[in-house]
Amino acid sequence: MSYLPVVETDRLSFAYGTRPILREMALAVPPGSIYGFLGPNGAGKSTTLRLLLGLLRAPAGTVRLFGHDLARHRVALLGRVGALIENPSLYDHLSGLANLEVTRRLRGLARGRSEEVLALVGLTEAAHRPVREYSLGMRQRLGLGLALLPDPDLLILDEPTNGLDPNGIIDMRELLRRLQQEQGKTILLSSHLISEIERVATHVGIIQHGQLVFQGGMAELHNRQVARRHIVIETDCAATCCHLLPAGLGEATVASAGTLLLPYQSREQLAKVARHLVLAGQPLYQLSCRQPTLEETFLHLTETSPVL
Amino acid sequence: MSFDLSAPSPMTQWWRCHLADWLKLRRTLALWLALGGGALPVVLNFLIVYFRGEKLLAAGQNPWAKYIHMSWQTASILLLPLFLILLTSLLVAIENRATAWKHLYALPVGRGAVLSSKLLVLLQLNLLAQVVYVVLLLASGKLLGLLRPDLLFAAHPVPLAGVVTMLAHSYLATLGVLGIQYVAALWWRSFALPFAFGIGGLVAALTLLRWEHVDYLPYAAPTQVLYLLSKDAQGVLTVQPGIALAEWCSLGWFAGALLLGYGLLSRWKTAD
């Protein structure tokens, strides 16, 4: 099995006029992964995806898809890529089937493929209705259908759950999992919904101010969460307790008048903290170990992390 | 990672774009405009001649040349440029409304194929509209022959050769406007701006119709080719041989607009 990244950028930079959007981005999407591309609004997610599809020209850096330079082999490479960028591009005056047929013809695919894809995204019954009558969720599903039409090896999806109801989101998640696990597709998925990425992604890239601040497997991200575990001490006077604890137990910080935080080291450290405070006559209402959520880790990374 | 890097040939890409473009035309105003737009000048002149024919046509003479000239004049001066301005704006608006440029340019077809395919659709719709116009015009003359036998339409043959030659001249004369308007519609990506630009061009051309260099104005070319129409001593429709200066200029504008437009669009226009 090859581990050459399906998507790879090298020192990819982009600016709108004098305003820099991306700075020396080095993205690497492993084959067969669901790569969650996270970042706050305006961080450069959509610009990155547009560059990956050749919709924008990068003044510096390179984009490689399947190991080949996109600038040199754009047409051949895009034949194996399906994409949904922001809102789906749909012709409202045409039916759902006709919309797929337009793209099927453009891609030179076999007849009958549009009907297969309509069934895959659950729109067979609405196939002949004009798209202007579709709900937001149906439009999103048809947009996904357009991306799935060529049975692509790489799917690039920008906020694909936009407009979907909870059932639609679950269906979308299941579909993406199935495509990855059963068919080995590589899926690059951008979203601002951290919980959604957490549920479906195998790998994560976090972008902030046009720079990648984290990239790796979900396990690696979980390790970071574990590394940032804290002991939470509920007492009467956090400031007094702070001075009572020996330096060897870690650097304590006062979170509030009655709450003290201490970086977690081990179970033994927890026991020592309890013993010290009880011996010093301090009341101990609660002693717990708390792991930050992915959202907190994300915020921590986007606020403090150095650029990769 | 093994990967087939062979891309479809430019001709294949272009043909795929063209098939898709025709499918997009279903149920659009652009298609209906091309199919039905030619009816308006024909119907207007048919009614005028039906009710006032004896005052407009010389008694006892071949009526075809006068009838065709009247109708062509109505069509060429205002309606034909207006049709071209509307058609180009409507065709490009199909992609604009669907925010489809980003989708199109992320497909395995080149930008040249996408843009040239649409240009060919415009040329085809323009031709279709003008052919429909000519067919309706000749059919209306035949109908006048039945309804008003005193006007002598039935007594003289249909001047098919002259009309077809005039159709070719008229078609050449429209290419300049079509090229300019197509580039304007692609550049502005809106319906209103290229439409307003075209109306401005048309008004300028109509204002300058008496100017000695009017042949160089693309929006005046459909009017200028009207001077090629005449009739011989027997009253039979004739068309002057050769390509007029206005037609050469129209071709020049067409080529210039497309070359400049392609350069500007590929350099400056993103697929937003």
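Each Cβ is built from the backbone N, Cα and C atoms, and glycine gets one as well.
Automated prediction, rather than curation, is the source of TrEMBL annotations.
Record features (TrEMBL):
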TRANSMEM  B:29-51  transmembrane segment
TRANSMEM  B:71-94  transmembrane segment
TRANSMEM  B:119-140  transmembrane segment
TRANSMEM  B:160-184  transmembrane segment
TRANSMEM  B:191-209  transmembrane segment
TRANSMEM  B:245-265  transmembrane segment
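Taking Cβ pairs closer than 8 Å, the transmembrane segment (B:160-184) reaches residues 65, 68, 72, 76, 80-81, 84-85, 87-89, 92, 118-119, 122-123, 126-127, 130-131, 134, 137-138, 193-194, 197-198, 201, 218-219, 221-222, 224-225, 228-229, 236-239, 243-244, 246-247, 249-258, 260-261, 264-265 in its own chain, all 6 or more past its ends.
Segment contact is absent for the transmembrane segment (B:29-51) and the transmembrane segment (B:245-265), given fewer than three CB pairs below 8 angstroms at sequence separation of 6 or more. Outside the transmembrane segment (B:71-94) by six or more residues, the chain places 24-25, 28-30, 33-34, 37-38, 40-42, 44-45, 100, 118, 121-122, 125-126, 129, 133, 137, 166, 170, 174, 177-178, 181-182, 184-186, 189-191, 194-195, 198-199, 201-202, 205-206, 219, 222-223, 225-226, 229 with a CB less than 8 A from a CB of the stretch.
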